[in-house]
Structure formats: structure tokens, C-alpha cells
């Protein structure tokens with residue numbers, strides 16, 4: 001599957017305007033040809049395209065092709081009409097034309113108007129060798145909960161082992177002063193009763209200093225903590241904090257053109273507003289659940305919001321999102337591709353996108 005990586009645009013006026021100034025490994029998918037509504041001339045303008053194989057130039061000595069190679073290029077060259085636009089009646093024409101890296105393409109406009117082409121640079125998904133970054137598509141909520149649960153269990157086990165070790169060390173400290181007291185008691189049998197009475201008191205004071213909190217009390221407190229489990233004071237506090245940070249139930253709204261958005265997760269970063277460049281992750285589906293396009297790894301899909309670089313449903317549905325936010329956008333056919341049929345999308349299709357806003361520039 002091909003993935004869009006950048007917006008393509010070209011203004012054509014006159015003859016033999018190259019599709020790209022330099023060779024590129026990416027294909028070009030043309031989706032629209034249009035003219036400015038402010039064109040003064042009312043004459044129609046026809047867009048022609050000339051296609052021929054690209055000949056790699058490996059050496060400066062090869063820059064001038066010999067006559068035989070030139071004849072071969074002319075024989076294999078194809079030229080055809082893409083569309084005809086006329087100010088006042090026809091301002092734009094949807095296209096579905098892919099230019100591969102192996103083709104050398106030139107556009108010509110036979111008329112007074114300037115024709116503007118737009119589309120996307122594409123790369124094959126299997127050709128992407130970039131490792132997945134931190135900005136790759138997030139885990140689903142259930143997977144995140146599972147990771148947090150496992151982490152929490154490991155921390156609890158470490159805490160339990162730490163407290164058990166602490167209790168063992170205190171038991172050893174308890175036994176040491178007890179033995180010392182017994183030895184001292186044997187040595188002081190013949191001393192006066194006053195000295196015998198003072199000796200235990202001194203030993204008890206020393207024992208309390210060494211012990212700090214009695215071991216029994218610590219063990220009881222630790223047992224109570226285990227018995228309390230998730231209903232203990234600390235757990236209640238954590239639960240309250242988690243519930244306060246947890247997102248509320250998804251909010252669904254209907255926007256311009258019948259576009260329906262559901263905020264699955266509210267972001268906390270910069271807001272997406274018209275004129276700003278946004279970087280997105282997305283999965284595009286038909287109403288039957290069939291995936292026709294996606295961008296879940298590698299370089300995020302980027303475009304300028306509100307400039308018409310994407311279908312109108314995206315300009316409407318993405319507006320207002322914040323960095324880190326996730327949203328489900330349901331786009332009716334008139335706000336998508338209408339009665340136009342493109343690969344993977346039948347005409348008059350309602351499209352469903354699950355999107356995440358990665359960054360706002």
C-alpha cells in the first residue's frame with residue numbers, strides 16, 4: 001500500500017513544464033486540476049501531459065544523448081489531454097493520475113489561464129525502513145491498562161520484598177540486645193537489688209533506641225495494608241487521582257457538512273487551527289469496516305489545515321483538536337470524494353477515520 005508523505009503542487013502556464021525539477025524516488029498522485037476564479041480571460045485552457053521514460057545520467061559525458069537514443073525517446077513518448085477548464089463555467093477537475101519515478105513528465109497549458117495541479121508524494125509502505133518512533137500510533141486503552149497493571153504488580157512485589165528484608169534486619173537487631181541483657185544479668189546476680197532493677201531499665205531504653213518501631217507493630221501494619229488491598233487509604237487516593245485524570249465518556253458532535261466527530265481522547269498540547277501545519281496518524285475505513293488507507297508508523301501525514309490540501313471533511317473534522325488528542329471522524333460522501341470513484345473507495349462512500357494529532361506547527 002502506498003502512503004502519502006507530502007503535498008505536491010505545480011502551476012502550469014506555457015509548454016513543457018516538468019512535473020519535478022529533480023528526480024525523486026517517490027511517486028506522485030495527482031488529485032486535482034484547477035484555475036483561479038479571478039482569471040480575466042473567458043477562453044478555455046487545455047492541460048496536456050507528455051510522458052517518456054527517464055534516462056539516468058551517470059556521467060557528464062552522457063548528458064548529450066546521441067541521435068539514436070533521442071529517436072528512441074521520441075518513439076516511446078506519449079502525449080495526451082488531461083482536461084479542459086474554462087473560467088466562468090468549469091474551475092476544477094478531479095484527477096486520478098500516478099506518476100512513477102521511472103517516468104519523465106511534462107505538462108503544457110494551451111490557453112491564457114494558469115492551471116494549478118495538486119496531489120501527494122507517495123512511497124510504498126514496504127519500502128519504508130524507518131524504525132517506529134515514540135510518535136507511532138498509541139496502544140489501545142485496554143493494552144495501556146494491561147501494561148500499567150503489570151508495572152504496578154512488579155512495583156508492589158519489590159515493595160513487599162523491601163519491607164520483608166527490613167523486618168528481618170530488625171529481628172536480628174532485636175536478638176542482639178536481648179542476648180547482651182541475659183549475659184549482663186548473669187554477671188550481676190550478686191549485686192544489689194537496686195542495680196539489678198536499674199539494669200533492665202537501661203537495657204529496655206537501649207533496646208527501644210535500636211528498634212525504633214516494634215517489629216510486631218510493623219508486621220501488623222504491613223498485614224493490614226495487604227488486607228486493605230485496593231480499598232486501603234493509599235489505594236483510594238490513587239484511585240481518586242486516576243478517576244480525576246481519566247477521560248470522560250466520548251463526546252460526539254455534528255459539524256459543518258454533516259461531519260460527525262467523537263473525541264476519544266482529549267489532547268493537552270497546541271490546538272489545530274486554520275493555517276497551521278498538522279502532523280497526523282490515521283486509519284481510514286469504509287462503513288463496512290474495510291481499511292482503504294492508513295498511516296500508523298514512519299513519517300506522519302502532514303498538511304496545512306484549512307487550505308484545501310485534503311478533503312473538506314478532514315479540514316472540518318481535525319480543526320479544534322489538541323496535540324496528543326484522538327478523534328473518530330465520520331465524513332459523508334459530499335465532504336469526501338462525492339460521486340467520484342477512486343482506488344479502494346467506491347463513489348458516494350461515507351468514510352470513517354480514526355485519527356491522532358501528533359504535532360502542530
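Glycine residues also receive a Cβ, built from the backbone N, Cα and C atoms like all the rest.
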Among 166, 192, 248, which is annotated phosphoserine in Swiss-Prot?
-> 192
Candidates 140, 249; Swiss-Prot annotation phosphoserine sits on 249
